[in-house]
């Protein structure tokens, strides 16, 4: 008889068929809430329906059920993303001039949308070159497609169909993992396993497979394209993958296969894994071989990182242990208890992730122009401006979202009775010191940064240019920024001996890369004008942080309202009996923070747009003389408020204002319409609820008189709803106005 040790029990981490699939239930509006499901008595019902549909906390208190809903919703989100991507690729296949652009990217502009002639709007189809008429696009898809080795429209069709299949698969997964096999709470809380799988699978294997694609497909195809080979003559991707000899003709080391890898003779791979720095002079993009090297290195890092956490094998890190060991001399219990917070409050988790992702998105915005990753991206000024602006806005919204969910965590999930002397508790206990100091910093930055401009406007108005802060009078050079630029420019040969050139041309030096007579990138000079506007950036960012952080730290209580936690995340005022307690809820801080986020990002994208047109973008003559779009006027014009209004806003708005009758006229209409949407927001922001309720009751009286009164009783928007509608139109109108202004300008002159 063989005596075996008992088999370890396999944990069952899913529930089978927990919730039945019922179209009848889903067809009933508000089925998730007993109150809303009763149907409308007043028009407030439709607002509550929208406010609570995705607020899973309000449907149930069961953390497992909430987790499953969030998990399922993520698949729905992925499905929409695949659907959107499919649409982009389909447009590229069906309505674009991609193949023409590929053959001549310096003279032909990308277009993937053709307007139908219905009421004469075919005027919007501009001549983008190569005999194609359509709307010029600025999304950067053409550049991405070229970089990844797509050479014809059939490949785009296939990818579009593939994305549709994935969209359907994601929808199925969302249904399956909620209705058929729903994970248990323990599965959502198993952070070590999650880290291992996400780091290894998504980031590690994802980067590795991308590096593989770039080596075997993108690199040879781009090599041929750069040598001006007709795309139709280039072998197809599968030929490079299946036939090693083809690659070996371009890169001889391929003939040796994996031998150099296993014999540690890695320098053999130096042909396609490089460390050049700078830009490829043919395309104005980063060297593809540098990008491949980067992805391979990232893959190795994350494959290692994805094996660091302790799961069934009893080796590796435990997150709880790491957090609890994290104590400093001044931090009391340190991170003790943080593990419990982050595994039971998805708002806390989401808040951190949004803050990180928002910051990362802004980092991406800055790298897209300083290290343009795709071929012919740097000379497509419209796309450069669009990508910067887009990523800045997205980053701003994500960071405000981080504060919103941090505050929701404080109100709904934070339990002060079990938190004592840990890091969060200590921050909350000296929140007055934090907020009052931050307030002082905001006042200091505001008066000094704005004061420098006011000084310049005054001196300029009085005809005393010699007394202004400028590069030609009283200089305020950004010496620290210049030192950083210089350090990076000199890095090759000193701190980075392996690199041929510095990471970005913007750092300085003599280099200039021009493609097809247009500047791709050159060293960006920083002077007094940049010093001034950078302090405006510091000011607006600090005020945004002040508002958002105050909202988080005072979300549960304050001297004014000690029992704020009982009032919830959003409330208009503390009851009718207490005056002066309006706009104190955590939600109101998010509301106010959004306006300052809008201020911050607006100044950043204005700075970028003007600086690049003035000091970087332009044409280069055969003699090597660069002519910038606005002729280098940033340094002298942007040092006064008047200069910003006159030489940036007014001077550069001429293209959008004069666009009627041209292919840019849609931007003129959008410019007008978006101004209207923005102005419409003020109606919601400047008037009180009572005004509208009074008006509505008068209108209802008239309907009753005519016997056409509706069964659902009309109600004015609540105070919070009015603010929500107001801020939405304010931001939407403002962003769309800026979008029309930027694009009409840069498409006309770029």
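Cβ atoms here come from the backbone N, Cα and C positions, even for glycine.
Between the stretches 36-59, 108-131, 132-155, 156-179, Swiss-Prot puts its transmembrane segment entry on 156-179.
Given the ranges 512-530, 531-549, 550-568, 569-587, the record in Swiss-Prot names 531-549 as transmembrane segment. Counting only residues at least six positions away in the same chain, the Cβ atoms of 716, 717 sit under 8 Å from the Cβ of residue 692 (phylloquinone binding site). Tertiary proximity for the transmembrane segment (664-686) is limited to same-chain residues at least six positions away from its ends with a CB under 8 Å from its CB atoms, namely 121, 123-124, 126, 135, 655-658, 717, 722-723, 725-730, 732-737, 739-741, 743-744, 747-748. Cβ neighbour count for residue 582 ([4Fe-4S] cluster binding site) (all protein chains, 10 Å cutoff from its Cβ): 13. Residues 427, 468-469, 476, 532, 535-536, 538-539, 542-543, 545-546, 549-550, 553-554, 639-641 of the same chain lie 6 or more positions beyond the ends of the transmembrane segment (433-455) yet place their CB under 8 Å from a CB of it. Using a Cβ-Cβ cut-off under 8 Å and counting only residues 6 or more beyond its ends in the same chain, the transmembrane segment (589-610) has close neighbours at 369, 385, 388-389, 392-393, 395-397, 399-400, 403-404, 407, 533, 536-537, 540-541, 543-544, 547-548, 550-552, 583, 630, 634, 638, 644, 648, 652, 723-724, 727, 730-731, 734-735, 738, 742, 746. Within the same chain, the transmembrane segment (385-411) packs against the transmembrane segment (724-744): three or more Cβ pairs sit under 8 Å, each pair at least 6 residues apart. Here the C-alpha separation of residue 675 (chlorophyll a' binding site) and residue 573 ([4Fe-4S] cluster binding site) works out to 31 Å.
Taking the Cβ of residue 573 ([4Fe-4S] cluster binding site) as centre and 10 Å as the limit, one finds 18 other Cβ atoms among all the protein chains shown. Residue 691 (chlorophyll a binding site) and residue 582 ([4Fe-4S] cluster binding site) have their C-alpha atoms 17 Å apart, to the nearest angstrom. Between the candidate binding-site residues, 683, 691, the densest Cβ environment within 10 Å is the one around 683.
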